[in-house]
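Working notes, structure below.
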């Protein structure tokens, strides 16, 4: 909510400010801006109200009202007021009056008086009062436009029409906003006005900083005079340099200066003092001795004030303070001949107010320090809460002449001169040492948070997953989290930024981090400020600690890592700190291990194996709307990520991944995409260079275009700009084009700086400056690199020739002596820039799209076509660290501390944030994982599973323990495996190279029983004795082998006209069924090889086949996604087509009792069907991340196994499971129960390791996890 600080120098309601959470908020009008409520024009109120409601939403105006400011006393400032009134009503003079005066000369009082007068006349269009550090220049034009729309319906209609046709103006330049919001609408209705309309902008010098208001000042001074002359703008300000530019023309702006030394000022100050003290005297609370000269005393006070209204106002407030001692206070000021300036007045007031013993001195300094150094105004209650004492009211109640104080309201000093005085009066007992007190504030915040924060501070039941689900969440937050506690939790790091490192503070910080860190998370979650504060706070805490406490620094880094990973659930539900984070972060997390006692017992996570390291911290889904064109970089403090998009520059929070600013685009951004951008050192401003030759500076906190410059006279010359880079000092920008040349432009002037740089023979594709800005490296489509001396504007060295294809990326080393380059030919080269010597050559997996040095120069990071790796610079023989990516890498950028980097995929719709820690790979895997699994087979006892993989191996697994028992390596992919029905140790398999082997697992050498050069697609043992092995192949034939005689039992079975895809024996071994690419199912007599029947029913390839255990039915699965059940005797279809799968049915089988059919599909699921009706009996069994190629039932009929292209085998159960344990994982990473209730949130990198609720175990994974519901 907006807030007011009442008093003679009060602030008004502010626009952009940090609320008590420290979150920057754009405050909207509460009941409207201070505008004329009664309109001078005839208006239809309902239509007007609707217009205003819509405009308020579009313009989001800010409240700059100065409701509590005083007006001039009657008969004071008469000459000045009359001059202003004359100007308002005059014709032929400038429509802008600039009222200039030093601090305390009464500018705001005059402005308030004038505004009040014209409000009575019905001619006040807008009144805005600005406050130092609180007022945002970016919202001024919107607020003026909105105020005038409220004032006048015709203006509202014109403004609404213009906005309707112009669309979103949020990122438009101030110049464009001025035209759309003021110039065009006001010009349209000017003819209807028969009297002047006054707009007052009071204390313009307090609006933003000289830098942030520069563009606004320029637009106002150049734009306001162009408006219709009946719109009169009264602007008050101190005589600051940017407020009074030398170029200001008297023809466009009328100036009126206030001089406190004039006779009028002295007379008016005397009148003011007499009025206030006479009023006090008449109240009979002011006893004056008869012998005391009243008139003489007032005259002495007026003489001392010397025409300065702030002196007079402060003195009057001091005298009229508490009732007791009023005369004595008056007498002290009158008789103190030395009280001639504000400093001495402040001293006199303070000296009189307190006795200044040690207790009072300490209390004063403690309370006033929070008023001076707090990050936003605090109430006395909040100051007491932070101090853990009740001293604030006792101090502040005696200081009302110096501070704006009402119990329970935010407090502020009345005038900035008091701030300056307290920090400079070193010999006085009330002196405030800024460095000491800022340290004390940090210490007190840490101390109080340590004492007050606790587990489950709001006593919320664990049944609630999201904060929003708690019915009385607002009242609980109000009850348990007072404003002062919220302030400390949101601002302690901002106070820490004000002080240098100290061992004492670090000890306090350590205690807080190791005992209350998660409870701090709670406060941020419950107050909806987690994403705003946790990332910047932890990052700065790491920076502040530095190398002074490595253990604490590591803990803080892990806290930031986990906060980034789990920001999504924690920001929405406080319970997720103790479920998602603590249960899932695992043993690799310092914070999870330390706080494990607080982990929820409602859920249990079983970790099977060791959790693999996940280098990807966060994935930001930019999506199509914000799809980038390739720009990517971290802010200097590492808290934000900048990217460009089709709609403009976007700024993302690096911890939460939320879009926090943008898209920022110029008025004609469609004419050219962004080529390069750079942050200014403070991280608030960026400079951007576009392909159309325009350079812009943006204030990314205010979403404000500060300035733009067009480089050169013909922007068409930039149509073929390929690359660009800013110099380290941001004073120059270099463009490289398709004409083999480089241009250097001066950012400040927008003019070309020096001649073209020529030397390349083809496109200039990439550029990089040395850290000191002396040298520039350029890479080209001509395969060379050149180094340029920027002082001499000539070639330093080159062209360097060794790449064989286009140079795609270059980057200077931090030391500035080397350059690393990458090329589309797949090589990375490190060059000495002075000699051109190749210091190192790295051969990559494919095209290098991006390459960069780490900030410390110890590593080189590069990415390309589905690869990303990092090499050490020092150890040239060390293998690179390989990051697992499944997309092409387009851009890379390190954070300034080197702890993280970001990558962007080629589609530019995703940004990944990575942990850059080197070499922390953890323990070796328990085994080398098998590749894509094509086929699985269950041993006769059900104790073992054999799996064959496409990469050429057979693994044997223990079903009970999920452990690997034995493996066989081959030279060709295994397409099919089968167990002997009577021998646990005998496995047959067929390979892609056409070989058929039988393997006795007690030895390491399989026996080859066939090799006909064509892929073996299916293999099966004959039941019940296992005497024969049949296999089908891609040569359209079937062969049958006699195991005992070790020879073919019959000749090749022919009849299929395309690949044989699947085989199955009847339970008695007297029949053999096959399926094929030729769309048929064929039944054979295996003893003779005779074809008995051909079954037709599928519309395309028949991929899988199986007999029922009674031999009466055959089930087949097809590429047409359907399943058919056939009568094995008649060949008739008796069930189906069974539909439900979304892709090819790769494998089918019957349950032992024949009542169910199990199928696996290319849709990554397995399904169980009623064998008679074809109806699904269970929801799809999801968990595999690729094709389910092979399925089989266990003999109990309650379990089954699946093998998949994802390299895993999963065991599933059909047993009834409790409703509470029946859950599913949604695409948004939330686990939901059967009734749709949220349970917990699972990071995306763990999805592939999570066993679904019916999934008993997973083979061929060194790690997986299982979720169980429990009770607390």
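Keep in mind that glycine also has a Cβ here, set from the backbone N, Cα and C atoms.
What TrEMBL says about a protein is an automatic prediction, not a curated fact.
Feature annotations, reproduced from TrEMBL:
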- 95-239: domain 'NACHT' (DOMAIN)
- 667-700: repeat 'WD' (REPEAT)
- 757-791: repeat 'WD' (REPEAT)
- 800-841: repeat 'WD' (REPEAT)
- 926-967: repeat 'WD' (REPEAT)
- 974-1009: repeat 'WD' (REPEAT)
- 1009-1051: repeat 'WD' (REPEAT)
- 1053-1094: repeat 'WD' (REPEAT)
- 1095-1136: repeat 'WD' (REPEAT)
- 1138-1179: repeat 'WD' (REPEAT)
- 1181-1216: repeat 'WD' (REPEAT)
Should anything in the same chain at least six residues away from the repeat 'WD' (974-1009) have a Cβ under 8 Å from its Cβ atoms, list it; otherwise answer none.
934-941, 943-944, 946-950, 952-954, 956, 966, 968, 1015-1026, 1029, 1031, 1033, 1039, 1041, 1043, 1046
Across the repeat 'WD' (1053-1094), DSSP labelling yields 0 helix, 23 strand, 19 coil
DSSP composition of the repeat 'WD' (926-967), residue counts helix/strand/coil, works out to 0 helix, 22 strand, 20 coil
Residues of the same chain, at least six outside the repeat 'WD' (1138-1179), with any C-beta under 8 angstroms of its C-beta?
1103-1110, 1113, 1115-1119, 1121-1125, 1185-1193, 1195-1197, 1200, 1202-1204, 1212, 1214, 1254
Average model confidence [pLDDT] within the repeat 'WD' (757-791)
90
Taking residues 6+ outside the repeat 'WD' (926-967), which of them lie with a CB under 8 Å of any CB in it?
608-609, 973-984, 987, 989, 991-992, 999, 1001, 1186, 1189-1192, 1194-1196, 1201-1209, 1211, 1257-1262
Is it true that the repeat 'WD' (800-841) and the repeat 'WD' (757-791) have 3 or more Cβ pairs under 8 Å, skipping pairs fewer than 6 apart in sequence?
yes
Give the nonlocal contacts of the repeat 'WD' (1181-1216) in its own chain as ranges (CB under 8 Å, at least six residues past its ends).
929-938, 942, 945, 947, 949-950, 957, 959, 1143, 1146-1153, 1156, 1158-1162, 1164-1168, 1224, 1248, 1250-1252, 1254-1261
